[in-house]
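What follows is one structure encoded as structure tokens, with my remarks underneath.
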Protein chains: 2
Amino acid sequence: MAKQKKAPRPKAVTPKGFRDYFGAEVTQRAEMLRTIAGVYHRYGFEALESSAVETVEALGKFLPDVDRPNEGVFAWQEADVPGGGAGDWLALRYDLTAPLARVYAQHRNELPTPYRRYAMGPVWRNEKPGPGRFRQFYQCDADTVGSGSVAADAEICAMLADTLEAVGIPRGYYVVRVNNRKVLNGVLEAMGLAEDEERSAAVMRTIDKFDKVGEAGVRELLGKGRLDASGAYIDGVGLTEEQAEPVIALLTARTRLNEIGPDQDPAISYNTVVLNTLSQLVPATGEGMKGVEELMQIANLLAAQGYGPDRIVIDPSVVRGLGYYTGPVFEAELTFEITDEKGRPRQFGSVAGGGRYDDLVKRFTGQEVPATGVSIGVDRLLAALHAKGRMQAETQGPVVVTVMDRDRMADYQAMVAELRNAGIRAEVYLGNPKNFGNQLKYADKRNSPVAIIEGGDEKEKGIVQIKDLVLGAKIAETASLEEWKDRPSQFEVPRDQMVAKVQDILKGQGQ
Amino acid sequence: MAKQKKAPRPKAVTPKGFRDYFGAEVTQRAEMLRTIAGVYHRYGFEALESSAVETVEALGKFLPDVDRPNEGVFAWQEADVPGGGAGDWLALRYDLTAPLARVYAQHRNELPTPYRRYAMGPVWRNEKPGPGRFRQFYQCDADTVGSGSVAADAEICAMLADTLEAVGIPRGYYVVRVNNRKVLNGVLEAMGLAEDEERSAAVMRTIDKFDKVGEAGVRELLGKGRLDASGAYIDGVGLTEEQAEPVIALLTARTRLNEIGPDQDPAISYNTVVLNTLSQLVPATGEGMKGVEELMQIANLLAAQGYGPDRIVIDPSVVRGLGYYTGPVFEAELTFEITDEKGRPRQFGSVAGGGRYDDLVKRFTGQEVPATGVSIGVDRLLAALHAKGRMQAETQGPVVVTVMDRDRMADYQAMVAELRNAGIRAEVYLGNPKNFGNQLKYADKRNSPVAIIEGGDEKEKGIVQIKDLVLGAKIAETASLEEWKDRPSQFEVPRDQMVAKVQDILKGQGQ
């Protein structure tokens, strides 16, 4: 044996936590992004595409305090600078908000103020992948930088409602829930927890669980603790029942909708009831009351444009995890039921969220720049539309012109050119044409609506055979052999009527 | 002073060689990609979006032979695997072809054969950035994997011509040039250089310079060498004049178009003349002659679909740099002149290229899989359309509803809601409304067509003021103060006629 070592073949696999997207998965997402961009544009927002790569320094949270800052982001170090000095640490962006703050700080002298921008594209997270959790996914954001007005927050909420309807979620099947961090802080202040960061955080986490565990569950979690559905015991915050009461009142404010009489305007009454409740839960002066007033302004601005609580609702139970929010926060939830992987019905849940963050640009410039925005989880929204049966998993394949005679490829190419010029998706079979069965199997795999056959006999007679593959498949599925013989799914037409006949068949198939 | 050190503020800059894209730069590219995808789809190609991140192993060329494989790609090492073993090296893709080979090898059992796919997205190169050269840029590819037929190559060429016309390059302003690596190899064989890799490569590089240095220049470069325009002396390949003759004949084959008589079909005659010339330059049997035959088939297939040499032309001077091409190669060139940065007219040049590569999938599977494809340089194509004046640098801004009375924000929001519902891009000014001049400056910066004003007086009278900002700017530019006074660019209309009047004005502006 010779000593030569053959290089081993590389493995054909995506890196762990990454995946490929095929066909309809790509085009449906592209179409959705285009629709969303259309709504954002109509609201006056401008497109921005920042680079996928940022300096680790600009990204912030992930400063390299160890040799390799690979916590949370994918990062690497540039080559050393010629003539001395270590290269910069670079990283893939983990969201679209941190790059916006960098872009605004960098270009603020050329950009209009306020700067309304939208951005859509992949972001990357260096996290442990799990089922359905990928390390690259799409975000689709809109933000207004440089406006401290709650009108900017209200506008984002209205735009979010419009966007959901534009992509195909009917009115009544979603709700945008709005809250204000200042109100939550005010309630914590009233409870005497303003200085107790640890218990404040625990209360916030508990509020966030309201949807899952309900009022009784929250009472337990705020008090002594709770036995989980899985049998695990979850420690409580340790508040007395009296101490916990403001939180319960906050969370159940929304249910007082029932108290509204039949002859009252539900939109105005609802906001009045909820906001009255909240104003009694926060100290009479200070941040909490300011938060209630902001919510009132938002509700009024939205009511003036016709957005009632059926679309956008004040909901004191919304928290939003991110630490950087400083005022209004919002979340869009789909309210219809889907069937989960275990066959149980469940609510689809959140597909978008955002809020006001006033400190992100300050990191760069030292000056506070108010900002508010929303991020839509496009992949979740697509999943929702699929679950709701509003989107087909596969797209229609092309008409396939089969190759009966390898030497007449030019004839077949001329056929597809004719079909394409009539706006019909079409292609010639370009595999090995020897086995005709393989050509039909290919058409089947491509989900083709029609196959066209022109052998020597047909050529001589000046005709083509046209197979309706959709009808053919239906017949094969449902009819006995006898019936099959009687139902034509294959037609013989003069060559010069090929395009017209294909158009007929496609129309009949509902294309 | 306390010892506390304040963390220094991060710099708000893109990493070296990266840039941000704003507004029309983003939307025009998105629109172009959508148009191209439409053509590819009509030809039967399916979308594929592979992950931006690949294992360095799968990317191939850049295997980590040193500690940090940062030659050419942006690469990093995953964290060590728990329980032992070093993490994989990952990298950002540098093109869309290497990921296609990986995807096809990985999913070949589920994918149809042939597999026609298109892909569009950013790719990353870890190269030294230069003026106009960025380390992240877009590619837009279409490939047919699993077909060895030259019909697949011909189809790609036809699709490329259709695509260029679809994005706005008129017929006659571009040409797709087709050659075959086998012909070039045949000529080298006839010259006795088949085994001389070094001189073969030098001859190929010289052929590639034909467009720049012309016939005389090529003669010099194949012989003793040549004094460059910059004054530098370029060493020649060292061939005798006789040895160099086949290359000259190859390069000038295209110019024999003049020999075609006026009563001959130029399409057929042209191909005949060029291909006859080529067949005399390669050995009578072997690879070169096979290449000539393939070109003949491609020319015939294209002629049958009506693509003559005015759109797609056999051109023996096309080389294409990439080493992996094994058969037909093609290049799309824009033939119109633009003015370069120094004010000199020059040809715009190449915007797309591709060819047949039959070995890329083999790396993974051991089996040869024939493939052919094209890559369009979308950013260059956009630059061409801008240079040709076929695209505006800026998009129309939104109608701006100004804020005269901060307390009536709800009224102003209702106005923009009405405008948007009529399909008009509109927004309320959300900055500090105190200084009205700033609001108009903002509208100017946004390139707004119309501003709307409703102060207390207007509100009382039930009217609004509508400013035609496009007309206003024109008057300000061209008219004297007297004329300015007489030409109304501001209108007073009843509030309920606001939308109709804005529509009128936009129509008058040519929206």
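The backbone N, Cα and C atoms fix where each Cβ goes, and this holds for glycine too.
Bear in mind that TrEMBL entries carry predicted annotations, made automatically and left uncurated.
These numbers come from a predicted model, not from an experiment.
According to TrEMBL, the features are:
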- A:Asp95, A:Leu96, A:Thr97, A:Arg125, A:Gln139, A:Asp143, A:Arg320, A:Tyr324, A:Tyr325: L-histidine binding site (BINDING)
- A:1-398: domain 'Aminoacyl-transfer RNA synthetases class-II family profile' (DOMAIN)
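Structural mapping of features recorded in TrEMBL.
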| residue | record | Cβ contacts under 8 Å, 6 or more apart |
| --- | --- | --- |
| A:Asp95 | L-histidine binding site | A:Val123, A:Gln139, A:Ser375 |
| A:Thr97 | L-histidine binding site | A:Asp141, A:Asp143, A:Tyr357, A:Leu360, A:Gly373, A:Ser375 |
| A:Arg320 | L-histidine binding site | A:Val329, A:Phe330, A:Glu331, A:Gly353, A:Gly354, A:Gly355 |
| A:Tyr325 | L-histidine binding site | A:Arg181, A:Gly355, A:Arg356, A:Tyr357 |
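Here the Cβ of A:Gln139 (L-histidine binding site) has 19 other Cβ atoms within 10 Å, regardless of which shown protein chain they belong to. Mean model confidence of the domain 'Aminoacyl-transfer RNA synthetases class-II family profile' (A:1-398) amounts to 87 (pLDDT, 0 to 100 scale). The L-histidine site in the record is lined by A:Asp95, A:Leu96, A:Thr97, A:Arg125, A:Gln139, A:Asp143, A:Arg320, A:Tyr324, A:Tyr325, and its two most distant CA atoms lie 21 Å apart.
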